[in-house]
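Asker: From Swiss-Prot, here are the annotated features:
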type	residues	note
TRANSMEM	59-79	transmembrane segment
TRANSMEM	146-166	transmembrane segment
TRANSMEM	180-200	transmembrane segment
TRANSMEM	216-236	transmembrane segment
TRANSMEM	240-260	transmembrane segment
TRANSMEM	316-336	transmembrane segment
TRANSMEM	359-379	transmembrane segment
TRANSMEM	398-418	transmembrane segment
TRANSMEM	421-441	transmembrane segment
TRANSMEM	449-469	transmembrane segment
TRANSMEM	481-501	transmembrane segment
Amino acid sequence: MSGTSPPTPKDHITMVDHDYSDCSEDVSLIGADREHRRSSTPDGLYQHKINRHYNPLYIAVVASLTFLITDIAGQIIVAPRLAIFEHIICKAYYTQVSGAAGTGMGDCKVEPVQSELALINGWREMFDNIPGTSYTLDRFGRKKVLLIAMVGCLLSDIWVGVVTWFPDTFPLRAVWFSGIWQLIGGGGASISSMAFAMIADSCPADLRTTAFSQVHAAVLVAELVSVPAGAALANFNPWIPVFGAAIFMVLGILFAYVVVPDVRPAGSKREGGSDGDFLSSAQESHPTWLMSIHHRWRKIVDEFRKDSSWIRDVNVLLIMASFFVCQLGRMISGITLQYAAAKFHWKFDKASLLVSLRAGVNLFVLAAIIPALSYILVKRFKLNDVVKDKRITQINGVCLIIGSFVMFLAASPGTLVFGQTVFALGFAFSVTARSFLTGMVDPMHIGTVFTGVTTMLYGGLVIGSPMLAKTLQWGLQLGGIWVGLPFLLAAVLFTLALGAISAARSY
């Protein structure tokens, strides 16, 4: 992942621990008067509150590896899980149609089977991501929350495995309850929020986009390798990658426990003391459990009021709104598999190659195109970092819109592949949008804002999952070109996201 580094001297990574005050991008547009008194340097520039015991490169690598391990465990079961779901639905459908068990299954690509598959998978994704709407988790230590969230994700996958292992005991729709386990720690939302906040705390402006890109590159490597690998293993037995993913997740939890530093959020130690202090005092002065909970809730509300000045900035709100539909880019992966399998009668192992294609293009974008564009816009066009990030985000948005629309119109496998390629060129939308947003927010509010961003991402997923599932059902019922109706919806939503980014003023 070193190929994602922009053309800046490598010693910048080690120098930031000693000289970070020259990063003028950290002059915030938000909360300037209040925060200036607490976190500015003598020359008036904001100084990011970071843990200087850890090198930014180390934090970026650890966050990327944690993402890689977690995402491999999640991605390797994408195709096998769809195959298992489809088999259970198909068997039940033809048993009901024939009126007798034991008769052979027919074509599993028929509309009733695929509609039920879209319904179950779409609502499962929604319920899985409802626990992701947490705000205050990062106040209790990033490492602790990260570990608990990973355990919750593991238990969630185990529940799905139990339901599908005993289809005669549990109805398949019982997989919708897998989200309950992700209440433990906040699920994938907390993993994402903690990793990105750790990077934002430790990396200066000129390295931030690269660090974010490394995390996204880890996700892409997982997709590039694990999705087709899981599909290939599913040809032998779909349960092989399912059990393998659980083992890999356990290893990931052990890795995070040993390697991830126990870093508190930037600015967590305030004038009134650290979170640990107020928790201790709560236990001393309020011995009952109920009163302790009440004290913690009041403290959370007070802290939110202190940190909520960024809510009044319209430009920040516009950027955050664009993240609401950004997660659709990730969710389209599962839709693409089922769409290609249903429309062109592909097996899931063949359809999974589309995911690998997208991941390969994404890696090229992060390794070559983004650094090149950044260099050209800064050196040749003399744009500052904030404007540069905005322009690249707009380009990414256009690619997402065009790619989604082409996939909607795809009448042949070649057109679908072309649309997927164009769509993949815009995958870095969230990378540069995060950097764009970070450059406009006071460092003291980074943890809070990034938790808000993650909430917007998963809020979009919670609403978008059943929405795309329903549109896929409609498309399958209408047939023809309308099978790709979810991609038309995605194109419309990405257009709204591009409009929000364009409307945000960059100073």
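Using N, Cα and C of the backbone, Cβ positions are placed for all residues, glycine too.
Map these features onto the structure and tell me what's around them.
Answerer: Within its own chain, the transmembrane segment (59-79) is flanked in space by residues 1, 146, 150, 153, 157, 188, 191, 195-196, 198-199, 201-203, 211, 214-215, 217-219, 221-223, 225-227, 229-231, 234, 241-242, 244-246, 248-249, 251-252, 255-256, 259-261, 263, 333-334, 337, 348-349, 351-352, 355, which lie at least six positions past its ends and keep a Cβ under 8 Å from the stretch.
Away from its own ends, the transmembrane segment (216-236) comes close to residues 1, 4, 64-65, 67-68, 71-72, 74-80, 83, 244-245, 333, 348-349, 351-353, 355-356, 358-360, 362-363, 366-367, 427-428, 430-431 of its chain (Cβ-Cβ under 8 Å, at least six residues beyond either end).
Through the fold, the transmembrane segment (481-501) approaches residues 318-319, 321-326, 328-329, 332, 335, 339, 342-343, 390, 393-394, 397-398, 400-401, 404-405, 407-411, 419, 429, 433, 436, 464, 467-468, 471-472, 474-475 of its own chain, all at least 6 residues removed from its boundaries and within a Cβ separation under 8 Å.
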Asker: Using a Cβ cut-off under 8 Å, which residues of the same chain at least 6 positions beyond either end of the transmembrane segment (398-418) come close to it?
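Answerer: Residues 329, 332, 336, 339-340, 343-344, 354, 357, 424-427, 429, 481, 484-485, 487-488, 490-491, 494-495, 497-498.
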